[in-house]
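Feature list (source: Swiss-Prot):
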ACT_SITE  Cys95  active site, phosphocysteine intermediate
COMPBIAS  21-32  compositional bias 'Low complexity'
COMPBIAS  172-187  compositional bias 'Acidic residues'
REGION    1-50  region 'Disordered'
REGION    165-187  region 'Disordered'
Amino acid sequence: MHGNGGQPAAGGSESALSREGQPGPSGAAQGQVISNERSPRRYSTRTINGVQATNKFTAVGNPSLQRDPDWYRWNYSHSIAVWLRECSRSHAKICNCGQFRKHWFQECAGLEDRSTQASLEEAILRPLRVQGKRAKRKLDYHYSQPTPNRKKVYKTVRWQDELADREADFTPSEEDGGTTSSDFDEDINFDIGGDSGIVDELLGRPFTTPAPVRIV
């Protein structure tokens, strides 16, 4: 049965349901707009709660996303888009250069009219660093999980390599005949003496003045 009083929808055989999208898992969720149009670079776009998210961030590093997209990859792109928006807002509070992306590169890392209050800057930038680390942990976890076309990726333990590099870079001191040297190698006498009144005072004993030393 057609809408609009039983008359067929405009355009002939195309119905209103087909224009709006199928309901259910394949349709758009509440607050989401799905665009089926492909860009020249072959990535899709979604608008979720006013934030435009695409799969181009993940497609750059993993070309298989163009063939096998997963639902959580949209979540990644949405999280990245929100993070970039927060970066722009935080950058506007401490710098007037106009583009926060310039600070990502060493040759363009100069700031203009930057606030001199280090505490204020740290308070503004710290949430961005925490969110970035948290997002990276989520990405690393999902990246390590197996997929139909990829085996499980195990995390590489690097602390043993770092320890070996430190031992290789270590050079013994020549003054000690090849042994290790430090500022605390000299013998330090921690004995304050049994005749000292400090020990008696700390132990609660009555303080007694030591007898004068007789010099022969």
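In case you wondered, yes, glycine gets a Cβ from its N, Cα and C as well.
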Cys95 (active site, phosphocysteine intermediate) - helix vs strand vs coil (DSSP): coil
Neighbouring C-beta atoms (10 Å sphere around the C-beta of Cys95 (active site, phosphocysteine intermediate)): 19
